[in-house]
Amino acid sequence: MSWKLDKQFSDKICNFSHDFFNKKLIKKGKPISGEWTVLATLVLVVENTSSYEIKQVLSLGTGNRCLGKSSLSNQGDVLNDSHAEIICKRSFQKFCYNEILNLLQSKYYNSILFNIEYHDSNNNNKDNDNNGSLPTISIKKGHSLHFYVNQTPCGDCSIFPFKKETQPENFIEKEKLEKDGKDKIENHEKKEQKDIIKQVDKDKDEENYEDEESKRKLKKVKDDNNNNNNNNNNNNNNNNNNNNNNNNNNNNNNNNNNNNNINNNNNQYDDIQRTGAKTVFGEPEDKKLIGVDYHQIGVLRVKPGRGDPTVSMSCSDKIARWNVLGIQGSLLSHFIKEQIFLSSITIGDLFNHSSIYRGLIGRLLPNPTTTTTETSSSSSSSSSSSNTIPNFKLNSDLEIFSTNIQFQFSKLLLESDQQNNNKSTSSGLAISFCYPNQHEVTIAINGKKMGTNQKNFNAISQRSSICKFNLFKLFHQLVLIIKNKNSNEENEKNNQIVLIDSLFNYYECKHLSKKYYQEYEKLKEFKFKNWLTNSSDLENFVLDN
């Protein structure tokens, strides 16, 4: 049976991910009592004509914080975004580099995911890696990648309506609690900035550090518990029907119906699930009115910050971009034949099928359905023409699944525990893992390895293995091996690898991936015009020659 037809597939992916976290990862970096975090995994599934097997967790990430603009580095030596989804994606990229290196170094190496083929400078296929042969990497037939995250990604996916009558607290009191929490954070900001290095040395002090998003959503998640469990059950049924029919039109109808419910039948709903992610410049701003009109939907957002604003796009926006550009990124696109797309995404807490479909797929379609003036203007602000068919490849076949199985360190589970009378906080650490056994813990508030202090902050040894600089080093290792295998004079005249080998500038090497950036420019032109990009000053770092 295909995984698409298995009604228990999402629960199997969830359990496989949880078991891996609990049994295969060491304790280092995991939340302590009273702490919560977000978990994301990328799982390999291998399918044949009659069955499938959930094979391996290829990468994993935990975390829910990111750096403010003033904390970014122009050396590529810190992790800017430590949300679990992004840690998982960067860990997967590290896995890709390692696998390709192994394939290049040994013709006997059997990759768990990739095939390697060789061709000459005229793109003619060759049987082996003799001189003059260039490698092309592709995913093995029947192999697919499946993303799991234990709660809805921040940003557009997490905005959906609900009925106030299902909530255990008075709405006005809840709003007051949210405001009080935000004020307390702002009052303590200066003190915490001074103590930042001291805090990272002691795990127990991490509970005193919490960003605006964490504080705000603790109240909201607790309120939305009952309502969203109902949403999960309903949407599980919808998803199973969609899978059995394998019909994307059902997804479109679900998304359109949800938009109509929000905007045309406001009496059905009292409020909207809120996100701390802020709209980017150029997008319509949130109206912040009472009830369902608080947020705009379908717009680009940045992750919330604490006084120091961030320039990291929301996870909803980043995953949507993966549905066009792939999860391999620009540098790996030099070697990998086609974009690497996710086949499915399974989400736990705060699941709402329509909002997730809208955030990841619907708003990228040629004519996304909008039913209010404000939402329509949002769509046009991110699109040069809503009637123009985007000339880019969209992963519209992405399957969206839900699961009611909760992660043991989820915020929703922690807040619903009636025996927990202590204040809950988000973990200040982020775990990254990539297959087969590379495990690392970083400090989310400074983007460096666990154990970093004031004295060793700038030490090379304290850089994360998945920071830009270190992934760039892996990229150049690939380039050097390919160049050495491709040393005849004719190929050196025509080979872009030789050109790349002469460049040690991160920004320049990224932008040499012409196919990737052609797709990226199309995406910006037609849909994501206001996407925030890093200043070139932050990406002009170089490797030692």
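Just so you know, glycine gets a Cβ as well, placed from its N, Cα and C.
Fair warning: this is a prediction, and the values are worked out from it, not measured in the lab.
The Zn(2+) binding site annotation in Swiss-Prot covers His83, Cys154, Cys315. Other Cβ atoms within 10 Å of the Cβ of Cys154 (Zn(2+) binding site), summed over all protein chains shown, number 28. DSSP classifies Cys154 (Zn(2+) binding site) as coil under the three-state reduction.
Here Swiss-Prot flags Glu85 as active site, proton donor, drawing on sequence analysis. Counting every protein chain shown, the Cβ of Glu85 (active site, proton donor) has 26 other Cβ atoms within 10 Å. Annotation note: Glu85 (active site, proton donor) sits in a helical segment as assigned by DSSP.
The 1D-myo-inositol hexakisphosphate binding site annotation in Swiss-Prot covers Lys89, Arg90, Lys318, Arg321, Lys468, Lys510. Non-local contacts of Lys468 (1D-myo-inositol hexakisphosphate binding site) by the CB criterion (under 8 A, 6+ apart in sequence, same chain) comprise Gly76, Asp77, Tyr506, Glu539, Phe541.
Sequence annotations record features per position, and here Swiss-Prot assigns compositional bias 'Basic and acidic residues' to 171-205.
What Swiss-Prot records for 171-270 (among others) is region 'Disordered'.
Sequence annotations record features per position, and here Swiss-Prot assigns compositional bias 'Low complexity' to 226-267 (among others).
If you look up Swiss-Prot, you'll see 368-388 (among others) marked as region 'Disordered'.
What Swiss-Prot lists as compositional bias 'Low complexity' is 369-386 (among others).
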Rounded inter-Cα distance in Å - Glu85 (active site, proton donor), Cys315 (Zn(2+) binding site): 7
Candidates Lys89, Arg90, Lys318, Lys510 (binding-site residues) - the one closest to Cys154 (Zn(2+) binding site) by CA: Lys318
Tertiary neighbours of His83 (Zn(2+) binding site) (same chain, Cβ under 8 Å, six or more apart): Val38, Gly61, Gly63, Asn64, Arg65, Cys66, Cys154, Lys303, Ser312, Cys315
All-chain count of other Cβ atoms within 10 Å of Lys510 (1D-myo-inositol hexakisphosphate binding site): 19
Residue among binding-site residues Lys89, Arg90, Lys318 with least C-beta crowding, 10 angstrom cut-off: Lys318
